[in-house]
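Presented below is the structure to which this report refers.
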């Protein structure tokens with residue numbers, strides 16, 4: 001097989017240098033057959049001096065094809081190079097029963113047996129890159145990619161295949177851009193749509209245009225990864241190109257770190273194949289034939305092993321076909337353009353090919369495409385470094401672990417959005433909680449005082465049971481401050497609905513108990529004042545408690561219906577994304593937890609409307625009864641003052657907290673402090689004057705004194721009148737005593 005090595009080397013050298021050395025005349029019939037019947041449409045100049053260099057132009061290739069077919073001798077096999085030429089030749093060849101074997105075509109469209117029934121290629125389909133790309137996306141945990149392609153059939157069909165594979169793998173192609181000659185707009189669109197992981201499919205000349213625009217748009221660096229085709233020349237970004245206005249330094253900066261995938265075109269193992277050459281021995285001979293040319297500047301250098309193995313594949317197939325024909329009493333030389341049988345024999349021989357070549361194991365799939373491993377490289381410091389291999393047939397990734405990134409590691413496939421919950425200021429929560437706790441202690445003191453002195457006439461005349469309800473309601477409202485400040489910082493989100501229930505019930509019932517008892521008092525006083533009926537003066541106290549109980553029952557039932565029909569749950573409010581202060585490729589997504597329900601606005605409207613009317617009515621009644629004096633409820637003026645304060649605070653706080661609901665600190669501060677101040681004012685106004693009166697005047701020591709001194713603790717005029725009457729009474733008693741007593745000394749003086 002020495003002659004085959006010689007022919008293959010010469011064909012390979014021409015594939016690289018575009019110079020066709022005249023094939024040496026061999027005596028072997030196989031060599032004569034190859035000389036006469038195999039034509040390289042892309043790059044061949046044959047013995048009869050017909051120029052067949054198509055320059056990858058489909059139109060030129062079509063002209064050369066017909067010149068060949070109608071020029072002696074008869075051809076058996078055509079060997080085009082480029083995908084565009086292979087498409088034209090492959091479709092036409094079946095009309096002349098010709099086998100087509102390509103060594104440089106990668107278009108996925110050529111893997112169509114109905115369209116190209118006699119086509120084979122030692123260059124794998126470009127779609128063989130896609131399983132490798134998907135494997136890398138999964139390795140680096142990317143689920144969102146972008147693509148930019150040159151609008152040619154090979155890249156369009158490759159991208160269609162990639163889209164299908166990524167969809168099956170759960171990976172989204174979020175941006176898909178294309179261009180014909182100028183990629184400027186497409187690159188700008190990539191940046192505008194936040195593309196991070198970008199697959200580029202274009203030829204080498206267009207690659208320089210793309211990366212010049214990439215440099216201008218700053219679409220490179222630690223945030224971005226580009227995936228390119230690996231068959232460009234190693235120094236493709238350093239080649240002077242008048243079509244771009246970027247310097248070599250600009251291009252070198254823009255392309256740093258990109259990843260390439262390429263079919264393994266040179267066997268990485270030192271195994272001697274059918275040609276009795278290892279891959280390294282092949283390269284050494286190839287370099288000697290190049291005469292010292294730099295491989296980086298030599299187009300097609302990487303595909304040279306594929307061209308070498310293509311000739312070997314065809315020679316072995318013709319050899320096998322010749323033996324089969326000989327058994328039938330026929331020869332390859334009997335072939336003509338109408339002879340389908342010999343074509344079928346060559347097809348079967350190629351289809352069953354399996355040998356070790358300098359590019360690796362040569363095997364064709366059912367579509368006539370080469371099966372091969374994929375080489376993964378990364379540009380590191382201006383030089384391509386091998387970082388792994390991927391065998392798609394075995395789904396095996398061989399990883400070297402020497403990948404280098406500009407940042408700390410592989411970048412994210414999008415701007416990372418980090419969710420951060422906004423929590424209440426713990427200092428604010430602690431401060432308000434202290435005030436609430438002290439208020440609860442004050443409520444306990446007031447309640448204890450009221451119960452202990454419930455037999456004192458002065459306390460009895462203030463309806464102590466209603467005052468007890470007021471103290472209990474204030475303590476419940478103050479206790480609601482604690483769940484009001486509890487959020488995800490303190491409890492798990494699954495437990496948050498329980499906190500929401502505590503907030504609602506403590507605040508709702510606390511308000512009903514405290515305000516309801518005060519409203520009942522002021523309403524009762526107003527009823528007595530307006531009717532002025534003696535019967536009303538003798539109303540039984542249970543009616544007061546019944547009125548307060550009705551108000552409490554209304555609130556209890558409304559809250560119960562709310563929780564049964566539309567229970568509270570946790571909702572998350574999202575705010576505008578924010579950039580962190582650190583130099584990180586992330587955005588902060590602020591979140592805030594709320595207690596809410598499906599029809600929260602309806603329920604709040606009902607509750608606020610009902611309680612708002614009670615507050616306004618309480619203000620009106622307090623104003624109407626401000627000058628009324630009655631012994632039945634001797635602290636109604638203090639109750640009126642408490643109602644004023646509670647109503648004003650509630651009417652202001654409710655709408656403000658709704659407006660500030662997105663500002664957790666301000667909302668909590670307004671709501672909690674309104675509760676605290678309302679409770680404090682109510683307790684102080686209602687109970688402190690009673691304590692002061694009983695302590696300073698000692699009225700709890702004498703029931704009779706309490707009876708004589710019964711009056712409103714808050715009515716200073718009545719107290720002054722009472723004291724004045726007492727003084728006058730003492731003076732009158734003294735005068736009467738002096739007038740009625742005997743005067744013996746005076747009588748004696750008169751006698752003497």
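Glycine is treated like the rest: Cβ placed from N, Cα and C.
Listed in TrEMBL:
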type: TRANSMEM; residues: 428-453; note: transmembrane segment
type: DOMAIN; residues: 435-710; note: domain 'G-protein coupled receptors family 3 profile'
type: TRANSMEM; residues: 465-484; note: transmembrane segment
type: TRANSMEM; residues: 504-524; note: transmembrane segment
type: TRANSMEM; residues: 544-565; note: transmembrane segment
type: TRANSMEM; residues: 600-622; note: transmembrane segment
type: TRANSMEM; residues: 642-660; note: transmembrane segment
type: TRANSMEM; residues: 666-688; note: transmembrane segment
type: COMPBIAS; residues: 705-716; note: compositional bias 'Polar residues'
type: REGION; residues: 705-727; note: region 'Disordered'
type: COMPBIAS; residues: 718-727; note: compositional bias 'Basic and acidic residues'
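Counting residues 6+ beyond its ends, the transmembrane segment (465-484) has Cβ neighbours under 8 Å at 432-433, 436-437, 439-440, 443-444, 446-447, 450-451, 499-500, 502-503, 506-507, 509-518, 520-521, 541, 544-545, 548, 635, 668, 671-672, 675-676, 678-679, 682-683, 686-687 in the same chain. Against the transmembrane segment (642-660), stretch 504-524 shows more Cβ pairs under 8 Å than any other of 428-453, 504-524, 544-565. Mean pLDDT for the domain 'G-protein coupled receptors family 3 profile' (435-710) in this predicted model: 79.
Same-chain residues lying 6+ beyond the ends of the transmembrane segment (428-453) with a Cβ under 8 Å from its Cβ atoms: 459, 464, 467-468, 471-472, 474-475, 478-479, 481-482, 485, 665, 668-669, 672-673, 675-676, 679-680, 683-684, 686-687, 690-691, 694, 700.
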